[in-house]
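Asks: This is the structure I have questions about; it appears just below.
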Amino acid sequence: MSKEKFKRIKPHINVGTIGHVDHGKTTLTAAITTVLSKKYGGYARAFDQIDNAPEEKARGITINTSHVEYDTAYRHYAHVDCPGHADYIKNMITGAAQMDGAILVVAATDGPMPQTREHILLARQVGVPHIIVFMNKCDMVNDEELLELVEMEMRELLSQYDFPGDNTPIIRGSALKALENDEIWSNKILELSDALDNYIPEPKRVVDQPFLLPIEDVFSISGRGTVVTGRIERGVIRVGEEIEIVGIKDTIKTTCTGVEMFRKLLDEGRAGENVGVLLRGTKRDEVERGQVLSKPGYIKPHSHFESEVYILNKDEGGRHTPFFKGYRPQFYFRTTDITGTIELPEGADMVMPGDNIRMIVHLIAPIAMDDGLRFAIREGGRTIGAGIVSKIIS
């Protein structure tokens, strides 16, 4: 069966669900596709179709990111259902990087929980520009004052992490009731879709900048070659163009022989779109997650840089004790984690939780990098800091 061409009519926006485990992120994702498909066409996706990787089923928690698509009155959305469990924040960092805006799900029955806070912090550090709050499970709360209290707490929490808490849309709903076709609660999903259309501005796509795509996954397709997938960070890739694979290993040149999105073929892929890129003559083992595809000559791999870093305090889920020079955590860049060693500025012997500090980092492998690139610092499965590359040394 030949693949159908993707029709590019409405503006395309990337969003996703974030929030504490079991607050209803995946149920809400299913409810959005179900309610909007009835009104604007498209496909409804059931809860278990979204929550579908085998390891997710076994533990009843979402580990991998699931992509769904839907239409509103004015836009086409690609939606990522992000992992919610603390063990899997590693994936959250790569998933949340794919958002023009996030839908933060908080259960009205619980209010904000530790992961609610952690996800807001992560959204801040991976550069998610806008958050909309969906207060879920409101059908289970009869007390109006309690709902107002949760709403107030959410606004304060968002403001604490430099999001405009006072102006953030907060929709009170019930994803489960909306899935069950309850009209009152289905209308809340439409209210959410209006908030998406009106509150998340159409991003200024960086299509005019040189092409860059952080690689998330690599597949081998028999008879066609190697396909890499990811979200185009900037620029445009056209079929037939020469590109470079940069980072971790030696840089290699290749040619793009195909671009596809949601299993439909495109002549080109643009900034902000999740695509698969087919590479000519590239072997599956020559390319890996964490590298980037780039316009030749525009980005170089580096392993030694100066950075501005914030180290979380223990109340934010960070370390309880200081660390010293020579400390070796993991640094998460775009889609990958690389071990690195730190050097502290002269006169600084140690770094306390809660400190903001300039540090020099030596990575064990080079990463495609420019000034201004953001990263997370992790150890033992938890985020302990956030940083930005302020100056490349080598």
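In case you wondered, yes, glycine gets a Cβ from its N, Cα and C as well.
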Asks: Between 81-84, 181-184, 253-256, 305-308, which stretch does Swiss-Prot give the note region 'G3'?
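Replies: Spelled out, Swiss-Prot records region 'G3' over residues 81-84, not the other listed ranges.
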Asks: Pick from 19-26, 283-290: which stretch is listed in Swiss-Prot under region 'G1'?
Replies: 19-26
Asks: Would you please say which range out of 36-39, 136-139, 240-243 has the annotation region 'G4' in Swiss-Prot?
Replies: 136-139
Asks: Region 'G2' per Swiss-Prot: which of the ranges 60-64, 125-129, 160-164, 205-209 is that?
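Replies: Spelled out, Swiss-Prot records region 'G2' over residues 60-64, not the other listed ranges.
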Asks: In whole Å, note down how far the CA of Thr26 (Mg(2+) binding site) lies from the CA of Gly19 (GTP binding site).
Replies: 10
Asks: Using DSSP and collapsing to three states, where does Asp22 (GTP binding site) fall: helix, strand or coil?
Replies: coil
Asks: Excluding near sequence neighbours, so keeping only residues 6 or more apart in the same chain, what lies with its CB under 8 A of Cys138 (GTP binding site)?
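Replies: Residues satisfying the criterion: Ala108, Leu147, Arg172, Gly173, Ser174.
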Asks: Residues of the same chain, at least six outside the region 'G4' (136-139), with any C-beta under 8 angstroms of its C-beta?
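Replies: Same-chain contacts beyond the flanks: 23-24, 27-28, 105-109, 147, 172-177, 185.
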Asks: Go ahead and report the DSSP secondary structure tallies for the region 'G4' (136-139): helix first, then strand, then coil.
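Replies: Counting residues per DSSP class in the region 'G4' (136-139), I get 2 helix, 1 strand, 1 coil.
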Asks: What is the total of other Cβ atoms whose distance to the Cβ of Gly19 (GTP binding site) is within 10 Å?
Replies: 26
Asks: Summarise the model's confidence over the region 'G1' (19-26) as a mean pLDDT value.
Replies: 87
